[in-house]
Amino acid sequence: MRTMYCGEVTEAVLGQEIQLVGWINKQRDLGGVIFLDMRDRAGIVQVFFDADTPIATALATTVRNEFCIQIKGLVRARPEGQVNKDMTTGGIEILGLELEILNRSEPLPLDSNQQNSEEQRLRYRYLDLRRPEMAKRMQFRAKVSSFVRRFLDDQDFLDVETPILTKATPEGARDYLVPSRTHKGKFFALPQSPQLFKQLLMMSGMDRYYQIVKCFRDEDLRADRQPEFTQIDIETSFMNADQVMEISEEMIVKLFKEMLNVDLGNFPKMTYAEALRRFGSDKPDLRIDFELYDVADLMKDVEFNVFSGPANDPDSRVAVICVPGGAKLSRKNIDEYGKFVTIYGAKGLAWMKVNEVAKGLEGVQSPVAKFLNEEIVTELLIRTGAKDGDIILFGADKSNIVSEAIGALRLKVAQDLGLVKDQWKPLWVIDFPMFEPLDDGGLTPLHHPFTAPIGLTVEELEANPVGAISNAYDMVLNGCELGGGSVRIHKQDMQAAIFRILKISDEEAEDKFGFLLEALKYGAPPHAGLAFGLDRLVMLMTGTSSIRDVIAFPKTASAACPLTNAPSFANPAVLAELNVAVVADPKKVISE
């Protein structure tokens, strides 16, 4: 039906007769000469019909936007002065010889000026995907997947599929459950990741595994979260953490070079503790020049308990950021930032405008300046590198609250004031704690319970689990976690110890992980791996703000599909066959 794509018609085929198929992007009638902007997934080309083809021209007057058509025409150079440099096909046009309407279109339910809500776009996703920018994102994603496969194939990784119907295991989020018809009262779970199966593949001698795989998590959604998402999943045997990071970094560097012509350079490594101390986040955005500074030593003796209290508490922190040019912020702006930090548990926000550094205490403006002496202010200005016109923002509370609140404030203020540099800043974050405390006094793994500790015996780990550092690593780019992984536990006694630390009884461990504990008995090799979020990676590379823009048929923020009206109620007969009943008040049933 066609000899080439619309977006591929260039001066190279001048004078040739070609056939194209696609959709009408725009129709213009200029006094008997009909111009059609014809679109397919490759781009747009201009076709015109004139008096030399009266039948086709008459038909061209009847077409409207989104009619699906086929044309035969002659490729010509555009007249001088009519070249459109904004189009890849802007140097040519096609003299239409024949026109066939393959299918007509009713008026679109989407606004042609693209003033559509996300709900509308998802309801008519098949129309939304016709938009050139959406088509380009889908093509870009396909090329990223293709590159990843080629790279890993060349590195002798095996593409091995793992089960979708599997066993529910605790991995941090709720599982999507699938009732079994043949095993009454039992359920499969959709995998949150192929974690255990890829470890079993290493125990099977596969050596190097990868998979571009769907994963499922029943959790609250954000702009970068979906109930079903795609991972680039990797696992290796006989590689240490540095080797896994090296090969993963090489893949991402080459991907950015091929797809965006961007040189990412080498990735620096930063410990988890340093990232929290300097940036208040375990995924720091290095495009922002200013960072957090600890000033508790300056505030221990001030007569202002908001500062001196946390300054004298070993579990608390007093930290500041110095925002370049921030003195121009109004009191209203500052109050809004004060409300913002309360989201993260902070009680408020103290501030200090730097009018004239050379004057020390006299050169600053702040409600808390009266509690500070000349020596403290001078050291504060030196430590933060403050300049005239800056503003210093304070956080004083429990360490985790200050890090999270001031770290988030750093990002927000930088975005609001245009202080985020237009560049790519990658890094590795390493040396994460093995565990984090729960409110009930227990512990939970910071990553997952299959991550190995660094340099500890079983006895040493059980004696002080809170102090254990995991052999884990996250790749971060521009404040976004691209992927994460770890060296895995490959000895049964260490894995059993982790379960004990997590208060998982022997019976529960056998029920949920018996197959893993059994497999670890039979010469399991040292192994390590990681997984990248493909959706998030493509989102970053295409410069959009939501992974819904790079997924063909995504869910809404409420985990629903407006296009198909999923989820939907099931037929009672089907539920009966599955031995499943729907209850009006599940909380009441659970309590009973």
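Glycine is no exception: its Cβ is also placed from the backbone N, Cα and C atoms.
What Swiss-Prot says about this one:
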type: BINDING; residues: E171, R217, H447, R488; note: L-aspartate binding site
type: BINDING; residues: R217, D218, E219, Q226, E481, G533, L534, D535, R536; note: ATP binding site
type: REGION; residues: 195-198; note: region 'Aspartate'
type: SITE; residues: G81; note: site 'Important for tRNA non-discrimination'
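Distribution of Swiss-Prot features across the structure.
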{"residue": "G81", "record": "site 'Important for tRNA non-discrimination'", "Cβ contacts under 8 Å, 6 or more apart": "none"}
{"residue": "R217", "record": "L-aspartate binding site", "Cβ contacts under 8 Å, 6 or more apart": "A173, R174, Y176, Q192, P227, F229"}
{"residue": "E219", "record": "ATP binding site", "Cβ contacts under 8 Å, 6 or more apart": "A173, R174, R225, P227"}
{"residue": "H447", "record": "L-aspartate binding site", "Cβ contacts under 8 Å, 6 or more apart": "F432, S470, A472, G484, S486"}
{"residue": "E481", "record": "ATP binding site", "Cβ contacts under 8 Å, 6 or more apart": "K283, D474, M475, G533, R536"}
{"residue": "R488", "record": "L-aspartate binding site", "Cβ contacts under 8 Å, 6 or more apart": "Q199, M202, F450, T451, A452, H527, A528, G529"}
{"residue": "L534", "record": "ATP binding site", "Cβ contacts under 8 Å, 6 or more apart": "R141, V144, S145, V148, I212, F229, T230, Q231, I232"}
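All protein chains included, R536 (ATP binding site) registers 22 other Cβ atoms within 10 Å of its own Cβ. Secondary structure of the region 'Aspartate' (195-198) per DSSP, as helix, strand and coil residue counts: 4 helix, 0 strand, 0 coil. Distant neighbours of the region 'Aspartate' (195-198): 162-163, 166, 169, 171, 209, 211, 233, 235, 448, 450, 513, 515-516, 529; these residues of the same chain sit at least 6 beyond its ends, with a Cβ under 8 Å from one of its Cβ atoms.
Each residue in the region 'Aspartate' (195-198) has a pLDDT score, and their mean in this model is 97. According to DSSP, G81 (site 'Important for tRNA non-discrimination') sits in a coil region rather than a helix or strand. Maximum C-alpha to C-alpha distance over the listed ATP-binding residues R217, D218, E219, Q226, E481, G533, L534, D535, R536 is 20 Å. A helical conformation is recorded for L534 (ATP binding site) in the three-state DSSP classification.
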